[in-house]
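Engineer: Sharing a structure below in C-alpha cells format, with a few things to ask.
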Amino acid sequence: MRLHFLPLVALCATTASSLAFDSSTSQPPGAQVYSVNDAAGLKRIGAHHPKYHDRRTVTIRSSHNDTDDVSADFLWGIRRANHGGRLLLKKGQKYVIGRKLDLSFLDNVEVQLDGELKFTDDVPYWQENNFYYDFQKSISFWRWGGHDVRIFGRGTLNGNGQRWYNEFAGQEILDPDNTYYRPILFVAENATRLSVEGITELNSPCWTNFLVNSKDISFDNVFINAYSTNASAEPKNTDGFDSLNVNGLSVTNTRVDIGDDCFSPKPNTTNIFVQNLWCNNTHGVSMGSIGQYPGVLDIIEHAYIENVTLLNGENGARLKAWAGEDVGYGRINNITYKNIHVENTDYPIVLDQCYFNIPADECASYPSQVNVTNIVFENVYGTSSGAEGNVVAELICSPNAICEDIKLKGINLTTPEGEKGVVVCDGISGGVGVECQSSE
C-alpha cells in the first residue's frame, strides 16, 4: 500500500472558503507593521526580547468573541512577516481560526504566540474542509511547512476539543467503519528546522502534534493538556507527539497531561532525542506503532530518551508493532531509555507485538514481522500500578521477528506493596541481562 498525503479537496463543499483566504496586498483593519529599527515600538508591544534578535514585526486585530474569525487576518500577517519577520499575537488577546489554512510556504519567519489561538468547534465545517492524511485517517485544521520556522511565547494553542470529545464518545479511531474524523491541533509537513518553544497546547480534538515528511523538528518547554468537562466523554487519541517520515525530532523540558501516548513516533522516524519529559495519565513513551499497512516497510531507529517521569498511566517505556493477517514489516533499532521514573503504571516496560488489541489466536496465526534490535532500558525505577500483579516488565517477541541485543540494566521496579517486580520475556535472543520468566 502506498501512502499519499494530499489535501482532502474532494470533500470541500465549495471553493469559496479558500478564495476568501488568498493573501491581499491591502493591509487589513487593525493590522500594524513595525520596523526592525523601531526598538521603542517593539518594546511597547512586547516584541523585544533579550533572547531573540529584533525583527520586522506584524500585529493583527484580535477576535471580539469566539465566532469572530480572523483566519484571513492571520494569513495576511504571516505572509507579511515571512522572509525575516515576526508575527506577534499579543498577550491577553484571543485570535479565532475558523477556516483551514495552508501555511506550507514559510521561510525564515517567527510567530510569537503570547495570546490565545483558538479553533472554532464547527464540526460540519472542519470535517469537510481540512488537510487529509491516509495514515490512520488523519485530518488537520492547518499545515505548517517551509524552512526556518520558530513558534515561541507564553500563549496557548487551543483546539477547543470538548464538542469533539462529546460526539466521539464510544467510538474508536482505528475502527475501519469510523467516519468521524477529528482534527489534529498542529501539523508540520515538509518542514525543515521548525521549532516550538514555551507555549501551551490545549484540548486537541485528536493528536496534538503530527510531524510529516520533515527534518530537524524541535519542541522545548511546551505544556500539553487535554481534559473534558463531561465525565462520560473523555479526550481520546490526544497523543502528545506523533511523526511520520521524520529525520531529527527533539522534545525537551516538556510536560504532557493527556489520555493517550505521551510521545509516539510513527513509521520512518529516525534520530530522536527526548530529555526531561513529564507524562501524566498517558500510554507512555512509545516507539511506534509500526508495521500497520500491508507490504509497507516501517522503521524507527536511533532514539535516545533520557530523564522521563511517567505517572498514572497504562505504559512506561513501550515498543509496539502490529500483528494480523494484513500488516507490514520493519524494524525498531538502536533505542535507549535511560533514567525513567514510573509511578502507578500498569506496564513500566513493555514490548507489544500484538498491536492493536489483536486477539491471542490471531496474533499467533499472523505474528508481527517487525524486528526489534539494540534496545537498552537503563535505570528504570519506581512502582507499577499492580494491574498486572507482580509483573513490571513484559518483553514478548514475535516468532516471525528477530529480537536481539535487548538489555535491562539497573532496573528497580516494585509492586505497590513494595515487592520486587517480575520480568517476563519470550523469544529474546541472548537474554535481557536480568532474571526473566516465561509468559507460559
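Each Cβ is built from the backbone N, Cα and C atoms, and glycine gets one as well.
Per Swiss-Prot, the feature signal peptide maps to 1-20; the stated evidence is sequence analysis. Per Swiss-Prot, N-linked glycosylation site is recorded for Asn65, Asn190, Asn230, Asn268, Asn280, Asn307, Asn334, Asn371, Asn412. Annotation comment: Swiss-Prot describes Asp260 as active site, proton donor, evidence class similarity to another entry. Annotation comment: Swiss-Prot describes Cys262-Cys279, Cys397-Cys403 as disulfide bond. Here Swiss-Prot flags His283 as active site.
Surface or core, plus neighbours and distances: that's what I need for these features.
Structural biologist: All protein chains included, Asn65 (N-linked glycosylation site) registers 7 other Cβ atoms within 10 Å of its own Cβ.
For Asn190 (N-linked glycosylation site), other Cβ atoms within 10 Å of its Cβ number 16.
Its Cβ placed at the centre, Asn230 (N-linked glycosylation site) has 10 other Cβ atoms within 10 Å.
According to DSSP, Asp260 (active site, proton donor) sits in a coil region rather than a helix or strand. If you take the C-beta of Asp260 (active site, proton donor) and look for same-chain residues 6 or more apart in sequence within under 8 angstroms, you find Pro235, Lys236, Asn237, Thr238, Asp239, Thr282, His283.
Taking a C-beta cut-off of under 8 Å and a sequence gap of six or more, Cys279 (disulfide bond) has these contacts in its own chain: Gly240, Val256, Asp257, Cys262, Phe263, Val285, Val308, Thr309, Leu310, Leu311, Gly313.
A coil conformation is recorded for Asn268 (N-linked glycosylation site) in the three-state DSSP classification, outside any helix or strand.
Secondary structure at Asn280 (N-linked glycosylation site), taken from DSSP and collapsed to helix, strand or coil, is strand.
The secondary structure of Asn307 (N-linked glycosylation site), as reduced to three states from DSSP, is extended strand. Other C-beta atoms found within 10 angstroms of the C-beta of Asn307 (N-linked glycosylation site) number 16, with every protein chain shown included.
Cβ neighbours of Asn334 (N-linked glycosylation site) (same chain, under 8 Å, six or more residues apart in sequence): Glu301, His302, Ala303, Thr373, Asn374, Ile375.
For Asn371 (N-linked glycosylation site), the count of additional Cβ atoms within 10 Å of its Cβ stands at 20 [all protein chains shown].
Here Cys397 (disulfide bond) comes close to Leu351, Gln353, Val372, Cys403, Cys425, Asp426, Gly427, Ile428: these same-chain residues lie at least six apart in sequence, with C-beta atoms under 8 angstroms from its C-beta.
Secondary structure at Asn412 (N-linked glycosylation site), as computed by DSSP, is strand.
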Engineer: With DSSP assignments reduced to helix, strand and coil, which class does Asn190 (N-linked glycosylation site) get?
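Structural biologist: Where Asn190 (N-linked glycosylation site) sits, the three-state DSSP reduction gives strand.
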Engineer: Calculate the distance in Å between the alpha carbons (Cα) of Asn412 (N-linked glycosylation site) and Asn307 (N-linked glycosylation site), and round it to a whole number.
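Structural biologist: If we compare the Cα positions of Asn412 (N-linked glycosylation site) and Asn307 (N-linked glycosylation site), the gap is 15 Å.
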Engineer: Nearest by CA distance to Asn230 (N-linked glycosylation site): which of the glycosylation sites is it, out of Asn65, Asn190, Asn268, Asn280, Asn371?
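Structural biologist: Comparing Cα positions, the candidate nearest Asn230 (N-linked glycosylation site) turns out to be Asn280.
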Engineer: Based on Cα distances to Asn280 (N-linked glycosylation site), point out the closest of the glycosylation sites Asn190, Asn268, Asn307, Asn371.
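Structural biologist: So, of the listed glycosylation sites, the one sitting closest to Asn280 (N-linked glycosylation site) is Asn307.
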